[in-house]
Amino acid sequence: MAKVRVHELARELGVDSKTVLAKLNELGEFVKSASSTIEAPVVRRLRESFPADSGGAANGAPAAPKPARAPKPAPKAAPAPPVEEAPAEPAPPAAPEVVAAPEAPVAAPEPPAPSREAEVPEAPAAERPAAQARPATPGPRPAPRAAEKPADTRTPRPGNNPFASSQGMPRPGGQGGPRPGGPRPSGGGGPRPGNNPFAPSQGMPRPGGSGAAGPRPGGTGAAGPRPGGSGQGGSRPSPGMMPGRSAVGRPGAPARGGSGGPGGGRGGPGGGRGGGGGFGGAPGRGGPGGAPGGGGGFSGGGRSGRGGRGGTQGAFGRAGGKPVRARKSRRAKRQEFEQMSAPSIGGVQVPRGDGTTVVRIRRGASLSDFADRIDANPASLVTVLFHLGEMATVTQALDAGTFEALGAELGYVIEIVSPEDEERELLGSFDIDLDAEAAAESDEDLEARPPVVTVMGHVDHGKTRLLDAIRSTDVVAGEAGGITQHIGAYQVHVTHEDADRAVTFLDTPGHEAFTAMRARGADVTDIAILVVAADDGVMPQTIEALNHAQAANVPIVVAVNKVDKEGANPDKVMQQLTEYNLVAEAYGGDTMFVNVSAKNGTGIDELLEAVLLTADAALDLRANPNKDARGVAIEANLDKGRGAVATVLVQSGTLTVGDSIVAGTAYGRVRAMFDENGDNLSEATPSRPVQVLGLTSVPRAGDSFLVAPDDRTARQIADKRDAAERAATLAKRRKRISLEDFTQALEQGKVSTLNLVLKGDVSGAVEALEDALLQLDVGAEVDLRIIHRGVGGITQNDVNLATVDNAIIIGFNVRPDVRVAELADREGVDIRYYSVIYAAIEDVENSLKGMLKPEFEEVQLGTAEVLQVFRSSKFGNIAGSRVRSGLIRRGASARVLRDSVVIGDNLSIGSLRREKDDVTEVRDGFECGIGLGSFNDLREGDVIETFEVREKERAS
C-alpha cells in the first residue's frame, strides 16, 4: 500500500495538520512536516486514536446525515441461503447495516447521538469476542451507529483517499438494501464511516449489501469459524496484505459464480453471492439483475470464475481482485527487451560497430569529434573511456593509441588521418584540389624551370666563399662582390650550350633549414652541392651533410674546394667519399666531382655546368606558370619597420603583388615583393625566390604557401591549420620512441628497426661502439641501423636527424648544450649518455631483447661558465664562474666540459662561495667561486655542469 502524507490524512480526518503532528509525537512517531509521509501501521494507529481522543467531534460534520443525497432504496434481496453455500465472489464488510424495515432506507437524523453512546461500550464484549486475540491498540475502535446509514450514502470528495480502490467514484453494484431478519446488535468490529482508509470507498454503503460485525444468518456469529475457511477475525493482517483495486463487475452484469478458496462461496442464480467475510463480516448479497456481491473479509476469496486458494486481496473487508499494477506477461517483457539497446561498459548506451566499420578522425581529435562521427553522446564515451583506464574530458585532445583502444572496445576501426590527407581535406573544403590541378595539366601547359640547388658542407671548407664566387658570376645582377641583402636564396644566370640558363641557390648554413624542410616534407631541393676541402678531406660535418642529402634522395655534385692550396689532395677526397657510396665518374661511378677554387674563382663555370648537366640528365624540371602560385617558405623573420618578412620559393604558378596568400598558419595580402638584391618585383615565376611583405605573422621554415581566392578564405584556412596543429601538439604526449617504447613496440610487432645516432669524444671510441653494436646477435626479426655517427658534442643537427628518422641518440663522453637539450626535450628525442662502452652495448642489447630493467635518471641542475681560474696552494684551483642556467648547489655531482667534450666526470662541488661567503647554492645570473676538490684541470671557457642521479621506474 502506498504511503500517505500528513496533510492529506489531516484533511481526511477534518483536523488541521498541527493536530495530527502533535498526535504523532504522542504516539512516538516523530515527523518533520505536514508534507512527510507515514507508514500504513502508523496511519491505522492514528485513525484508531483520533476518535477515542476527540470523541468524534472532529468527524461529526462529515458524518452528518444528508437526506438530499440519500441513495435509492435497494430492492429486496432473496432469502439468505445457508452459509456453507456462499459464492466465490467476496463480500466486503461495509458500514453497519440498518436493521429497520426494508421500506425505510433513510432514517431520521435525530437518533445517531443516543444510539452511539449506547453502542460504544458493547462493541468489544458482545460482538467481537475474538478481538481478544489481537494485539492491543492505542484505543478501542468506535462502533458505528445504525441510524447513521443515511449519512454513509454521501459521495466522498474525489482524490482525498489514496487507499481507496476507486478515487472519488461510488462502487458499482447498487447500494446496500435493508437486511432481513430484524435488528442486530451493533459491534465494534466495523470501522467508522469515512475513517477507514482500507475500505473500498469512503463514507458510503458497499455495493450489493453490507456485512457487519453482527451474527451472520444461518451462522453462529462473528466469533465462530467461517464456513469454508479456518481463519477467524482475531489476527490483524500486515500492511503488506493491502489489496489493489476491486475486481467487481459493472452494474447490471451477472456475476460469475465459482468455487473460491478459504472464505469464498459459490455464486447463486442470477446474482452471485459475495465471499464470506473475515473479522465477523457477514456475506454480502448480490442484487437482482446480476449485481456482484460484496468482497470477502481477511481471508478473501479468489477472483470470480476462478478456483484455487483465496488471495490476500480481500484484507480488511476489501474485495479481492487483480492489483492496480498488473504484472507484465512474458511476451510483453520480451518485446521490451528486444527494443532496448544493449548497454555498454558502465551501463551507458552507445552505438556499436560491427568490427569492420572504419571511422576516420584527424590528429589531436577530441571525444566530441569522435562522438559526432558515430552519432553518440560524448558523455557516454567519457564513461566508456574511464572504464578502460583512461581519464579524459569531452574537449580534450587524445592521441591515436587512445582512440584505437576506444574503437576496439566499441567495434570500430580507427583510421588517423595523415597530415597530408588532413591538408588535402582542409583545402578540399574550400574547393581547392592541388592533385586535380596537377592532373589536369597537359604537356603544353608545362614549361622548363630552373633547378633549385642547395650548397652544403663543412663550415671551414669554403662554402660561403664559394657562394660568393657563384654570386659574382651573375652578370644580370650587374654587381660583383658580396651579397647586398642576403635572404637565404638567390638566382643566377649562366650560359650553357649557347643558352641563358637560370639556377636558383639556397643558402642553408649549417644545413639546419634543409633538415627542417625535409622533416616537414618540403623537399624543394633538386640538387645538392657537397663542398669538401682538398686539404682537410672528409670531415664529420661533411658526412652529416651527406647523410641528409642521401636521406632526401637528392642527386649530389661534389665540389672539391681549395685545390690551389698547398697540400691539397683531390684524389684523397674521391677515395674517402667512395666509402659513403659516392663513386666518382673517374672510378666508374655516376657522381660528378669538380675541382674548384673559390678564392681564385677557378672551376666555377665547370661547377655550374655540372649542375645543369645533372639536372638535365636525372631530373625533369617543368612547371606550369599560368595558374595561381604554389610554393614553400624558405625562411622568415620579423622586421621592425616592415613587419613579417617571408622568403618564399615559387614551385608552380605565378605570384603577383596583390594576391591573397596563406603560408602555414600565416596569411595576408602581398603588399610588395623583392629579389635578393632588394629590387622590387611585380611577379615571380616557378623556381624564383622572393621576399614577401604583408603577412600577419611569421611562417615557419618549410611551410607551404598558396594563393587563396580572397582574404576571407585565406584567413579561414590559416585558422583551421592553427587549430589542427594546436590539437595535434596537445595530443602528441612525447610519442617519439625511446628504448622502453621500442621494447613494447617490438613485442607488439610494430617496429622491426632501431635507428641510432652515435656521437663520441674520439673517433676510436665511436668506431668501437659502432662495431660492437652491429655485431649484436638479436635475430633476423630485428634490424639495428646506425644512421649517423660522428665525433664531437651533440648538436642541433643530430637532434633534427633523430627527429626525422625516429632515432635514439647515444652520446659517449659528450653532452649537448642547453639549447640542443631543450630542442631534444621539445621534439621528444631520447638521448642516452654513457661513459663506459659496455653499458651502452648492454642497454641496446637488452632493449632489443626486451629485458630492460629499472634505470637511474640524471636530472640536470645547472651550468656555470668558467671566467677565470684562481690558483690557491691550500684549496687548489678555484673556478671563478658565472651561472648560465639553473643553479649550482654545493655537494651536487658535477662534470667539466671543454668544447662539448667531457674532460672531468664523477666530480662534486666541494666548495661554493659568493663574495667571500660560503653559500649552499647560487642561482642563474650570479657569479661565484667553485671548487672541485682535487680536480685542477680548469681553463677559461670550460663549462661546469651539475646534476643529480635519481632512480626511475621503467614503464611496464
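Keep in mind that glycine also has a Cβ here, set from the backbone N, Cα and C atoms.
Here's what Swiss-Prot has on this protein:
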- 50-351: region 'Disordered' (REGION)
- 64-95: compositional bias 'Pro residues' (COMPBIAS)
- 96-107: compositional bias 'Low complexity' (COMPBIAS)
- 121-136: compositional bias 'Low complexity' (COMPBIAS)
- 146-155: compositional bias 'Basic and acidic residues' (COMPBIAS)
- 235-254: compositional bias 'Low complexity' (COMPBIAS)
- 324-333: compositional bias 'Basic residues' (COMPBIAS)
- 448-619: domain 'tr-type G' (DOMAIN)
- 457-464: region 'G1' (REGION)
- 457-464, 507-511, 561-564: GTP binding site (BINDING)
- 482-486: region 'G2' (REGION)
- 507-510: region 'G3' (REGION)
- 561-564: region 'G4' (REGION)
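Locations of recorded Swiss-Prot features on the structure.
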residue : record           : Cβ contacts under 8 Å, 6 or more apart
GLY457  : GTP binding site : LYS463, ILE529, LEU530, VAL531, VAL532, GLN541, THR542, ALA545, ALA559
ASP460  : GTP binding site : ALA533, ASP536, MET539
VAL563  : GTP binding site : ALA534, PRO570, ASN595, VAL596, SER597, THR602, GLY603
Mapped DSSP class for LYS463 (GTP binding site), helix or strand or coil: helix
Local confidence of the region 'G3' (507-510) - pLDDT mean: 57
Summary of DSSP states over the region 'G4' (561-564), given as helix, strand and coil counts: 0 helix, 1 strand, 3 coil
Local Cβ density at LYS463 (GTP binding site) - other Cβ atoms counted within 10 Å: 27
